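Enquirer: I am attaching a structure below and will ask some questions about it afterwards.
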Amino acid sequence: MIRQEKMRVVSQKQIATNIFELTLHGELVQDMTPGQFVHVKVSDSLEPLLRRPISIANIDKDNNEFTMIYRAEGRGTKVLATNREGQQVNVLGPIGNGFPVDAVKEGGTALLVGGGIGVPPLHELSKQLNARGVKTIHVLGFQTEDVCFYEEEFSALGETHYVTVDGSKGTKGFVTNVLESRAPEFDVFYSCGPLPMLKALEGFYPEKEGYLSFEERMGCGIGACFACVCKTTDQIAKDYVKVCSDGPVFPKGTVAL
């Protein structure tokens, strides 16, 4: 159930160039699942007006804390980056349908593919898959080394490959270069990132079960404004879906790419 709460800042730190890790404390954490997101009001003033959708990177229900990782590049997220321990942040959430962690049986293997700021939600997903006895393989793509993050955290959960467009870290090129050269064996894949990457994955693994998390610009975050609609394929009855309320995670092949 979506609720609004003023959550307390536990910590905030910069972990890469313009990339921030923000941990908040509050009751909303108890309802969160991997792949969902929250809509954050970055300031108590009227400007910026719209909330910012940010994915959930880590969930700690024992301590009522969750972590977001975001890029501070626009006016709103730059304001959010000024928050310090003890301050409050107005959060609406959790929103959307997350990743189905039960899609992989115990003893199976999941391939997790992320690109840029689509990487964070895969961290909590990998944690929960590991807890169910599932092996995880991570292929994570970034533009350059200076914007890479969470290498130790992902490596602690499973086999991890980093890819950068300029070759400054890991394999040079795109995530598909690693998938071609390594040809990992797996049962189900999960992915979050830019549309070209998601489209490439669908073409790469036409026979595999997969789940894609979409990154779309959003206005309201609750399905009222229709700012984030995507056209569907003929696999489902709807002509269009809303990424915020119907997604952001969809089974492979249901959204037209």
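Cβ coordinates are placed from backbone N, Cα and C, and glycine is handled just like the others.
According to Swiss-Prot:
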type	residues	note
BINDING	Arg52, Pro53, Ile54, Ser55, Ile69, Tyr70, Arg71, Gly76, Thr77	FAD binding site
BINDING	Cys220, Cys225, Cys228, Cys244	[2Fe-2S] cluster binding site
DOMAIN	2-101	domain 'FAD-binding FR-type'
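Tell me about the setting of these features in this model.
Expert: Neighbour count (other Cβ atoms within 10 Å of the Cβ, all protein chains): 22 for Ile69 (FAD binding site).
For Cys244 ([2Fe-2S] cluster binding site), other Cβ atoms within 10 Å of its Cβ number 26. DSSP gives Cys244 ([2Fe-2S] cluster binding site) a coil state; it is part of no helix or strand.
Broken down by DSSP into helix, strand and coil, the domain 'FAD-binding FR-type' (2-101) contains 12 helix, 49 strand, 39 coil.
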Enquirer: Sequence gap of 6 or more, C-beta under 8 Å: which same-chain residues meet both conditions with respect to Cys220 ([2Fe-2S] cluster binding site)?
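Expert: The answer is Ala227, Cys244.
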Enquirer: Check each residue in the chain of Thr77 (FAD binding site) that is at least six apart in sequence and keep those whose C-beta is under 8 Å from its C-beta; list them in sequence order.
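Expert: Expected: Phe20, Val42, Arg52, Tyr70, Arg71.
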Enquirer: Express the distance between the Cα positions of Cys225 ([2Fe-2S] cluster binding site) and Ile54 (FAD binding site) as a whole number of Å.
Expert: 18
Enquirer: Provide, as an integer number of angstrom, the distance between the C-alpha atoms of Ile54 (FAD binding site) and Cys228 ([2Fe-2S] cluster binding site).
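Expert: Computed Cα spacing between Ile54 (FAD binding site) and Cys228 ([2Fe-2S] cluster binding site) is 15 Å.
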